[in-house]
Structure formats: C-alpha cells, structure tokens
C-alpha cells in the first residue's frame, strides 16, 4: 500500500495536470468567444445572433447561479471525483459545439457549462480535502494551483500557432475592422481546445479515490440534509444580515470577472488599431495574465508574515486599490466602444503593446487576490456554514455578471468604468462593516484567527472563475 505522504504528492500532481488541460481549453475559448461568434454572424446572420458571445455568457452565469444553490444536495449522492469528471465532460460539449455553430445548440451548451462550473468549483475543493490533512491542505492546494496556472501559457501558445497558420488567410470584407476568425480557423482552434478538454476528462477518470488517514473530509464530514432542510438553510443564509451587507462586495467581484476575462480581451480584438497591428494580441494578454496570477502568490505569502490578519483587511483593500488603478488605465487606453463592437476610433491615450501587457498583468493579479479575499471573508463571516456562504456568494457574483453580460452590447468603456468605480467605493464601506463584524464575532466566540497565508493559498483552487 502506498504511503499517505507519497499518495498526497501523486494526487496533487494528477489533479494539477487535469486542471491544467481543462482550463487550457476553456479559458482561451471564452477570451475570444464574442469575436468568434461575431465573425460567424457576419458570414451567416441566421446561424447565430449578434452579440451571442455576451448573451451566452449571461446564460451560463444564470445557470451557474441556480445550480450552485443545489450543490450541497448533489454532493449527498455524488463523490467529488465524479463531479469533476461530469463537469469536465460538460465543458467538452461546450467547446465542441463551436464546430457546428447555431443559436439553439450554443445557448443550450451554455446552460450545461454553468452546471459544469458549479460542479467543478465545489468538486475541486472537496476532492482536495479527501486526500489532504489539515496540515497539508494549503500546501497541496497551492501546488495543484501552481501546476494548473500554466494553462494560460499552453492556451496562449496554441492560439499563437493557429493564428500564424494559413487558416487565417480566408478573410471577409469587414475583417480589417477587427480580429476576424474564418470558419476554418474557428473549427481548428476549437477542435484543439476540445482535445485539451478531452485529455483532462480522461485524466479525471483515473483520479485516485482513496481518503488518507486523518483527512480533512474525515474530520469535517459533509453534513447531509434533506431538500427541505437544505432550502431552509440556503434561504436563511441569503437573508442573513451579514450576507446582505456583503452584496456590494459580491457584485464588485462579479462585474470585475466579466471585465477582466471577457470585456477587456474582446476590446483588444474589436479595436482595429490593435487587432491589425497585433493579430496575436490575445495570446500576449493570456501570457501577461499568467504572470499576474503567479505574482499574487509571491506577494501574499511574504506580506502575510509582516501584517497581522493580512488575508482580511490588508489583502482586500490592496485588491481594491489595484483594481481602481487598472480600470482607470483601461478608461484611458481602450477605445470607448471597442468593448461592444468593432471600431476604428482612438482612445485618450493611443493603445500599444506595452499598455496591453501591463494592464493584463494587473488584471491577472487582481483576479487572483479578489478570489483569495473572497475565500477568507466567506469562511469567517458565518462560522460552521462556509459551504452555504460560498454558494450564496457565488449566486450574487453570478447574478451581477449575468446582468452585465446582457447589457454589454450597449455599454461603452466609460459605462463599464463608472459601474466599476461605483461598486469599488460601495465595497469599501460594505467590507469595513463586514470586517468589524468578523472581529467582534471571533472575539466573542474566542476563536483564534488562523494564518491567512494558508487561507489565501487554499483559495487558488477556486481562482478560475
């Protein structure tokens, strides 16, 4: 029988590789989805509606919101490993659907993608709890996330190879206005991304399923509830004063994710100034995002040693400061309507490769730190109900993201920045109140604040959101 220590290392490696190939396929698919479907629309308006990329992502977020509230019930009957297998398979269907683009198929698979992410977000954390102890959970999670983070590099490299192939030679009379994707290029690209997801699916099928001695799961077993009990618990969590006060924080998280993972990369392809000069700009964006995500770990760990409870106030306010900076830079360098449709207009400061790379780096950094902060305050605001606060938080995050996606065809860069700045300010006051309540709660119950380095590291398993 394999030693538990060796078994943990093996599971961490396999889990990291499976996640790597899953997101290498999915992330690049979503970065370019609006431009790809716009290209399909101008070739055949009957095949897919205009702005289907935005609307499809909105449908996915709604599906994720609804299904996330049901997850605690689902995990009464499904083991974490098989939740990961099913979620990855559903994402395979999503990317494969781009080989046969149509309205009914596309919006249907976005519903499936929403269910997939609900399964994956919870499945990753619960599976890691199964092969980790309390002492090794943070380490195993951080290592698996570090391996998975390379997915952006692989996806970007794949994009560059395809972008330089002869498949881009097929053009359209509107191709000069933005980054146009030919039908052959679309099929080749999404075929390759689907192959990456299929590889991830196969790896997930062979994930070991044994619990180690003194695992986190054995010490904190999943509490099985009836559907009625679950519904009552979720309802009480949604309407709890602590969660209501956090709504601006969740909304800010949701609209930032929309902007960083969809709106901004879309603007790079819809701006003729950038897309004509740098046809592989989306790959550069992904590379910079990777380094920004990696920088989060390098920043959080040393700062946690010098600041008391760094994972709560310092980490979140640092996140908001960088977020405000990057949105301001986008306001200056992104052509105003490049967020919604192809344009040849300039911005306040003419965009160039340096600004794109720097902004993408900051977006990756904030994307990681905001997820890390989310894990910290959700795990501490309602002791003993962390799984429910995560589910409710995901509900508010997804709802706000869906609303922004639905409105995106009518929102300029100015509109996006004003919305973002509004909720950054609201989040400051909302979070101060929440952090003060956490302090009072933990003093009252005599709970000792844990080292937030571990909390931030553990959150990396949920960063891909």
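Cβ from N, Cα, C; glycine included.
What TrEMBL says about a protein is an automatic prediction, not a curated fact.
If you look up TrEMBL, you'll see 12-33 (among others) marked as transmembrane segment. Counting residues 6+ beyond its ends, the transmembrane segment (12-33) has Cβ neighbours under 8 Å at 53, 56-57, 84, 88, 91, 94-95, 98, 120, 124, 127-128, 131, 140, 143-148, 150-152, 154-156, 158-159, 179, 181, 189-190, 193-197, 199-200, 203-204, 206-208, 261-262, 265, 269, 282, 285-286, 464 in the same chain.
Per TrEMBL, the feature transmembrane segment maps to 53-75 (among others).
Residues 18, 22, 25-26, 29, 36-37, 40, 47-48, 74-75, 109-110, 112-113, 115-120, 122-124, 126-127, 186-187, 190-191, 193-194, 197-198, 200-201, 204-205, 207 of the same chain sit 6 or more residues outside the transmembrane segment (82-101) yet have a Cβ under 8 Å from a Cβ within it. The transmembrane segment annotation in TrEMBL covers 82-101 (among others).
A Cβ distance under 8 Å defines the sequence-distant neighbours of the transmembrane segment (107-129), meaning residues of its chain 6+ beyond its ends; these are 15, 19, 22, 52, 55-57, 59-68, 70-71, 74-75, 80-81, 83-84, 86-88, 90-91, 93-94, 97, 137, 140-141, 144, 207, 215-217, 220, 222, 387, 390, 394, 461-462, 465. What TrEMBL lists as transmembrane segment is 107-129 (among others).
Marked as transmembrane segment by TrEMBL: 141-162 (among others). For the transmembrane segment (141-162), the residues of the chain that approach it from at least six positions outside its boundaries are 12-13, 15-17, 19-25, 27-28, 32, 128, 132, 185, 188-189, 192-193, 196, 280, 282-287, 289-290, 293-294, 297, 457-458, 460-461, 463-464, judged by C-beta separation under 8 angstroms.
Residues or ranges marked as transmembrane segment by TrEMBL: 188-207 (among others).
The feature transmembrane segment is assigned by TrEMBL to 246-264 (among others).
Same-chain residues lying 6+ beyond the ends of the transmembrane segment (284-303) with a Cβ under 8 Å from its Cβ atoms: 27-28, 31, 142, 146, 149-150, 152-153, 155-156, 159, 264-265, 268, 278, 310-311, 314-315, 353, 356-358, 360-369, 372, 453, 456-457, 460, 463. The annotation transmembrane segment is assigned in TrEMBL to 284-303 (among others).
If one looks beyond the transmembrane segment (315-334) by at least 6 residues along the same chain, the residues whose Cβ comes under 8 Å of a Cβ in the stretch are 252, 256, 259, 264, 267, 271, 300, 347-351, 355-356, 358-359, 362-363, 365-366, 369-370, 372-373, 376-377, 413-414, 416-417, 420-421, 424, 427-428, 431, 435, 452, 456. The transmembrane segment annotation in TrEMBL covers 315-334 (among others).
Residues annotated as transmembrane segment in TrEMBL: 354-377 (among others).
For 389-411 (among others), the entry in TrEMBL reads transmembrane segment. Sequence-remote contacts of a segment are chain residues at least 6 beyond its ends whose Cβ falls under 8 Å from one of its Cβ atoms, and for the transmembrane segment (389-411) they are 50-51, 54-55, 57-59, 61-62, 64-65, 68-69, 71-72, 118, 121-122, 234, 237-238, 243, 246-247, 250-251, 253-255, 257-259, 262-263, 339-341, 374, 378-379, 381-382, 419, 465.
What TrEMBL records for 417-435 (among others) is transmembrane segment.
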